[in-house]
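> Please read through the structure below; I'll follow up with questions.
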Amino acid sequence: MQNCTNSPEDQAASVCPPPPQFPGDDTRPTSKKELAGWYSYGWAAEVFTVCAMGSFLPITLEQMARERGVLLSDKKTPCSATWSSLESTSPSGTWNTIFDATAFTKPGSPRTSQCIIYILGVEINTASFAMYTFSLSVFIQAILIISMSGAADHGSYRKMLLVIFALIGSVSTMLFLAVVPRLYLLGGLFAIISNTCFGASFVLLNSFLPLLVRYHPILMGGHGDGDIPTGTSHDSTSTADGPGQTDGTETTSLLRPEQNRNAYSLGDETQVFASKTSQELKLSTKLSSNGIGIGYIGAVILQAICILVVVETHQTTFSLRLVLFLIGLWWFTFTIPAAMWLRARPGPPLPYGKESGTWTSYMAYAWKSLGRTVMRTRHLRDILLFLAAWFLLSDGIATVSGTAVLFAKTQLGMQPAALGLINVIAMIAGVFGAFSWSFVSRTFNLRASQTIVACIILFELVPLYGLLGFIPAIKSLGYLGLQQPWEMYPLGVIYGLVMGGLSSYCRSFFGELIPPGYEAAFYALYAITDKGSSVFGPAIVGIITDRYGEIRPAFVFLAVLILLPLPLMLLVDVERGKRDALSLSKELKGRPRQEVPVYGAVTHCPSHSENLAE
């Protein structure tokens with residue numbers, strides 16, 4: 001019989017940890033300190049995506065490139081558009097100019113004149129430079145996430161990789177303080193490194209959640225009753241290879257291996273699996289929602305601090321570099337508690353007798369597992385339709401965000417503090433949207449797919465409104481069609497509302513189409529589709545901007561990009577998808593274990609906005 005550990009935390013929980021399933025398996029109950037470490041990293045890193053990527057990083061890259069560029073109109077006159085040199089043009093005072101950009105939107109103003117730079121002899125718009133940088137960082141991020149998933153899931157590298165990526169990303173962000181405009185290419189490199197490391201570290205952070213849930217004292221003390229199967233023995237050989245076994249080595253499954261097997265031996269797989277995991281999913285949602293809330297609170301606090309710093313330092317290029325340093329410092333500082341308090345929680349060795357311990361074997365295993373999942377998806381028509389729609393929709397969400405910030409800066413002349421405020425408004429609207437869409441869905445008795453369609457239609461209003469600026473009658477008014485800075489604020493509200501709904505309902509809708517027992521593998525494919533799609537949209541917007549010399553024509557592309565998922569989503573048949581998924585699950589149930597995909601467990605975690613609605 002397994003002896004209970006004698007640590008104070010375990011005694012306080014009054015639970016006996018199950019026996020290890022493999023050498024090095026850490027089955028100790030989740031402690032409050034471990035949870036605090038997990039929350040701490042959300043508090044640390046969430047500021048990067050909200051404050052840096054959502055506000056200050058794109059405009060910093062554009063501004064530094066602008067100061068080294070020349071006017072598009074004659075390709076000779078330098079674009080010396082520092083924020084401080086223009087501040088005196090407004091008599092309203094430092095704080096009032098946050099909301100008053102009318103002085104800078106006149107034709108020929110250095111703030112709104114389109115500027116170009118030359119990289120390897122190629123002419124690039126300064127706004128396009130920021131978009132290309134983002135696309136490249138997302139591409140590298142997607143490759144890295146797939147490649148490292150094997151090492152993160154199998155072996156003792158999970159925590160080590162998280163800390164390494166956090167340190168590299170935070171230091172890269174802090175180094176912006178030393179990047180002067182003539183080194184803008186170095187700034188682009190730091191942006192790529194920091195965004196790549198952020199994405200990788202957050203995926204690793206998400207991989208801890210199912211482990212924290214699985215070994216939570218509430219669940220470990222409940223073996224044998226409630227939603228946990230009874231009569232199961234914690235056999236240390238339960239992960240042995242053999243025909244007919246499910247993936248017992250998947251480190252982030254909410255149920256332990258013996259629970260997964262019982263869940264599929266009692267008849268109707270779908271209903272049994274749901275009943276066995278309901279308690280785990282409730283706890284997972286609770287912990288994840290707490291982490292989301294903590295991360296958002298930290299992001300809002302730092303965003304407010306950044307706006308104050310930018311205003312008080314007169315909104316110069318140095319102001320932008322300074323706030324990026326503060327963002328990196330925040331990220332670095334609050335990573336320390338996570339590094340101290342999170343347990344390593346090693347994963348099992350690579351299965352099937354594969355050679356382990358080398359990075360090449362981990363990478364090969366990860367890519368082969370992804371390939372198996374992709375091949376399996378070919379037989380699920382509705383999942384293919386949904387993933388195609390999600391690919392386009394996710395790309396549209398990411399592209400609209402970056403395009404809007406750069407459009408507001410380069411064509412509306414909005415100052416950094418005002419751009420930061422737009423992001424705060426959108427985030428608050430997103431939290432409200434995550435809750436309000438569920439109310440709308442219940443009120444009008446909408447299915448998940450219908451709610452997604454409603455969100456898409458509302459989202460389509462954003463680029464269509466920008467296209468109104470091409471209509472001569474509206475253009476002559478001098479407002480409407482994104483001709484005035486104040487118009488960005490209501491559009492920020494719409495964007496936030498849509499984000500809150502789409503992120504919640506798309507994931508839950510996709511979950512209905514997944515074969516029972518293969519959630520982690522298919523959610524990994526969902527996450528990779530999400531991450532990888534953002535490579536294309538920003539790059540295409542950059543190409544359009546280079547071609548026409550301004551960002552507004554890119555609204556045509558954005559309108560098409562957002563509209564394309566609509567017919568695909570309407571073609572998805574949920575009932576047919578469920579039948580196909582269950583049939584495939586039954587077909588694969590008796591296959592040898594080596595055919596069962598395990599890839600992508602590190603992404604098996606609801607994302608931030610998704611859990612707000614649950």
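Cβ atoms are placed via backbone N, Cα and C, with glycine included.
What Swiss-Prot shows for this protein is this:
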type	residues	note
COMPBIAS	230-254	compositional bias 'Polar residues'
CARBOHYD	Asn3	N-linked glycosylation site
REGION	1-29	region 'Disordered'
REGION	229-254	region 'Disordered'
TRANSMEM	41-61	transmembrane segment
TRANSMEM	126-146	transmembrane segment
TRANSMEM	160-180	transmembrane segment
TRANSMEM	185-205	transmembrane segment
TRANSMEM	291-311	transmembrane segment
TRANSMEM	322-342	transmembrane segment
TRANSMEM	383-403	transmembrane segment
TRANSMEM	417-437	transmembrane segment
TRANSMEM	452-472	transmembrane segment
TRANSMEM	486-506	transmembrane segment
TRANSMEM	523-545	transmembrane segment
TRANSMEM	554-574	transmembrane segment
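Buried or exposed, and what's around them? Tell me for each listed feature.
Among residues of the same chain six or more beyond the transmembrane segment (41-61), those with a C-beta under 8 A of the stretch's C-beta atoms are 129-130, 133-134, 162, 166, 169, 173, 176, 184, 187-188, 191, 194-195, 198, 201-202, 205, 291-292, 294-300, 302-303, 306, 317, 320-321, 323-324, 327, 330-335, 338, 342, 401-402, 405-406, 409, 416, 419-420, 422-423, 426-427, 608.
For the transmembrane segment (160-180), the residues of the chain that approach it from at least six positions outside its boundaries are 41, 44-45, 48, 52, 60, 64, 148, 151-152, 186-187, 190, 193-198, 200-201, 204-205, 321-322, 324-325, 327-329, 331-332, 335, 338-339, 342, 344, judged by C-beta separation under 8 angstroms.
For the transmembrane segment (185-205), same-chain residues at least 6 beyond its ends with a Cβ under 8 Å from one of its own Cβ atoms are 38, 41-42, 45, 48-49, 52-53, 57, 60-61, 64, 119, 129, 133-134, 136-138, 140-141, 144-145, 148, 152, 158, 161-162, 165-166, 168-170, 172-173, 175-176, 179, 328, 527, 531, 602-603.
Long-range contacts of the transmembrane segment (322-342) within its own chain (CB-CB distance under 8 A, at least 6 residues past either end) are made by residues 33-34, 36-38, 40-41, 43-45, 47-48, 51-52, 56-57, 60, 159, 162-163, 166-167, 169-177, 194, 208, 298, 302, 305-306, 309-310, 313, 416.
Tertiary proximity for the transmembrane segment (383-403) is limited to same-chain residues at least six positions away from its ends with a CB under 8 Å from its CB atoms, namely 54, 58, 130-131, 134, 138, 377, 456, 459, 462-463, 495, 499, 502, 506, 509-510, 513-514, 522, 525-526, 529-530, 532-534, 536-538, 540-541, 551, 554, 558, 561-562, 564-565, 568-569, 571-572, 577, 581.
The list of residues near the transmembrane segment (417-437) in space but at least 6 beyond its ends in sequence, with Cβ under 8 angstroms from a Cβ of it, reads 50-51, 54-56, 59, 98-99, 101, 296, 299-300, 303-304, 306-307, 310-311, 315, 404-405, 408-409, 451, 455, 485, 488-489, 492-501, 503-505, 609-610, 612-613.
Away from its own ends, the transmembrane segment (486-506) comes close to residues 99, 390, 393, 397, 400-401, 404, 408, 412, 414, 421-423, 425-438, 441, 448, 451-452, 454-456, 458-459, 461-462, 465, 479-480, 607-610, 612-614 of its chain (Cβ-Cβ under 8 Å, at least six residues beyond either end).
Among residues of the same chain six or more beyond the transmembrane segment (523-545), those with a C-beta under 8 A of the stretch's C-beta atoms are 124-125, 127-129, 131-132, 134-135, 138-139, 141-142, 145-146, 149, 199, 203, 370, 373-374, 377, 387, 390-392, 394-396, 398-399, 402-403, 507, 510-511, 514, 551, 553-554, 557-558, 561, 599-604.
Outside the transmembrane segment (554-574) by six or more residues, the chain places 382, 385-386, 388-390, 392-393, 395-396, 399-400, 403, 447-449, 452-453, 456-457, 459-460, 462-464, 466-467, 509, 512-513, 537, 540-541, 544-545 with a CB less than 8 A from a CB of the stretch.
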> Would you kindly list the residues that approach the transmembrane segment (291-311) from elsewhere in its chain, counting only those six or more residues past its ends and only Cβ-Cβ distances under 8 Å?
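Beyond its ends, the transmembrane segment (291-311) has Cβ neighbours at 38-39, 42-47, 49-51, 55-56, 94-95, 98, 209, 319-320, 322-323, 326-327, 330, 334, 416-417, 420-421, 423-424, 427, 431, 608-609, 611-612.
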